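Chemist: Just passing along the structure, written as structure tokens.
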């Protein structure tokens, strides 16, 4: 693909019209390259100057759309003076390596998504489905980059030191247990170890498989979960590494890096939205279509395939604008009575949505309660499928709810007659509330189980009032471990068992029912919620299962190709293409909300909940407070 960068195009197209500066202006120009540019056009100059190495940046192109030609020439000359006239050939090389996706800001030539990954795929997807769908893939790529950073951080400073010192930990633990059997903590530790040994299978392949997908048995006492990590300083040669302090510090750093990531992405998205709204030629209703019809085509395109993609993108943008225009026209024609009817309809829909959310929360709470009662009962067969079914019952209920209710929310949003962008925001808001509420109810139900007041001397719940949870830290980590596995399994099933057969039937079968159902449509809000939900699982469970960022990195990497496969073979383009004007901002604001929802229970667990006596005996023996970290080991 060959593209002429914006600054180069201005140079080529208007060099014959350039006017030499007067001698009186030379001194002012030397002092300030932006001399002569009106204040309201200064932001365009600064943006072009900042992106001088990749002047095809979409924000700069959009910013210059409403600027008079004479001002463009002055801006061009000012940028050339400030950057010592970057060569056209260099600009082309930079532009080819970083495709400037129109109206999306998806180039990611700097910042968090600097990794040169999926650029060709993103370009193709934008041409097929428009910038609204592209914004989802850019969002997924950003979260993938974030999880890679978190994985490296936890891997280097937590997982690797623990793996290197696992031999020291095993020998020290055996020595302590043999020398302090009369100690209360030692007895609780023996009980926990005996209970863990009783559920570890003798080697049957089916039982081992069940252990792997549940995080129990052979995996419970491994580096997957916090209960296994070194309780004191770790000796590596002549060095001493304080594992409890490192675990808390690195986990806190992971949350801080996540916040910096969201601040950077949200700030960049807000800047683009404010710049778009400041353009009079775009914001004016009378000239809404003028930029698309008169100046949207890039005459620097020389490749036929790229030109076809740009043509499809232009069509999608025109359809989105026409759909918005028709909706606004219907509202004007409806009058006051139509407005009152619309308000009443929206009130009824919101009452129905609230009822659905309350019912979903009650179902999750009951599922977690039934699951805990069965799986912690004495004498239960841990290698049976019934045990597996009860283990995954809350996760299956959550997955069913987050798969079915968003479809209902989308249909209800259509009844409310919102604009496409507002419909996306409303549906996304309801869906994120559903998923956050689901996880919050799950956390509350787990909290009620681990803080049950009927316990023995080792802090283990006594039936029938309480569930017998020996190590609540591992229990919490296993819950989010299973949620991550369930999430990816659901994505596989939806892609290959639901969407692909539906698409094949709709395209190959000529019956009326198949035509009525049709192929699935790319649901932006549901897709965004999927990756956001996976990230929330990581934030909720990262303290108890430090391997979750690694798992989520793999899941997001595979999810990109699953969604790409569905776009090529299953999905049809949205009937109402959405512009990308504020989608990224809303995605990041939603992610911020989810982030702070996760921080509250994590902080409370660190500060207020007493550690397990069975799997946190070493903390008490070495004089650590009962609340200092997860499992008494941090």
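Backbone N, Cα and C atoms are what each Cβ position is placed from, and that goes for glycine too.
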Chemist: According to TrEMBL, which stretch among 188-206, 245-263, 264-282 corresponds to the feature transmembrane segment?
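Modeler: Result: 245-263 is the stretch TrEMBL calls transmembrane segment.
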Chemist: Looking at 387-412, 465-490, 491-516, which one is transmembrane segment according to TrEMBL?
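Modeler: In TrEMBL, residues 387-412 carry the label transmembrane segment.
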Chemist: Have a look at 222-239, 294-311, 312-329 and point to the one annotated transmembrane segment in TrEMBL.
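Modeler: Going through 222-239, 294-311, 312-329 one by one, TrEMBL flags 222-239 as transmembrane segment.
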Chemist: Quick test of the contact rule: Cβ under 8 Å, at least six residues beyond the ends. What residues does that give for the transmembrane segment (432-450)?
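Modeler: Hits for the transmembrane segment (432-450): 357, 360-361, 364-365, 368-369, 372, 394, 398, 401-402, 405-406, 409, 461, 466-467, 469, 472, 475-476, 479, 529, 532-533, 536-537, 540, 590, 593-594, 597, 601, 609.
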Chemist: Between the transmembrane segment (387-412) and the transmembrane segment (133-160), do 3 or more CB pairs sit under 8 angstroms, pairs being 6 or more residues apart?
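Modeler: Output no: the transmembrane segment (133-160) is apart from the transmembrane segment (387-412).
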Chemist: Within this structure, do the transmembrane segment (387-412) and the transmembrane segment (583-607) have 3 or more Cβ pairs under 8 angstroms, counting pairs 6 or more apart in sequence?
Modeler: no
Chemist: Counting by DSSP, what is the helix, strand and coil composition of the domain 'TMC' (471-581)?
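Modeler: Output for the domain 'TMC' (471-581) reads 83 helix, 2 strand, 26 coil.
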Chemist: With a Cβ cut-off under 8 Å, give me the same-chain residues at least six positions beyond the ends of the transmembrane segment (536-562) that come close to it.
Modeler: 118, 137, 140-141, 143-144, 147-148, 150-151, 154-155, 158-159, 215, 223-226, 247, 251, 254-255, 258, 435-436, 439, 443, 473-474, 476-481, 483-484, 487-488, 491-492, 495, 530, 594-595, 597-599, 601-602, 605-606, 630
Chemist: Do any residues of this chain, six or more beyond the ends of the transmembrane segment (245-263), have a C-beta under 8 angstroms from a C-beta of it, and if so which?
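Modeler: Here the qualifying positions are 112, 142, 146, 149-150, 153-154, 157-158, 161, 226, 229, 539, 542-543, 546, 549, 588, 591-592, 595, 599, 602, 606, 629-630, 633-634.
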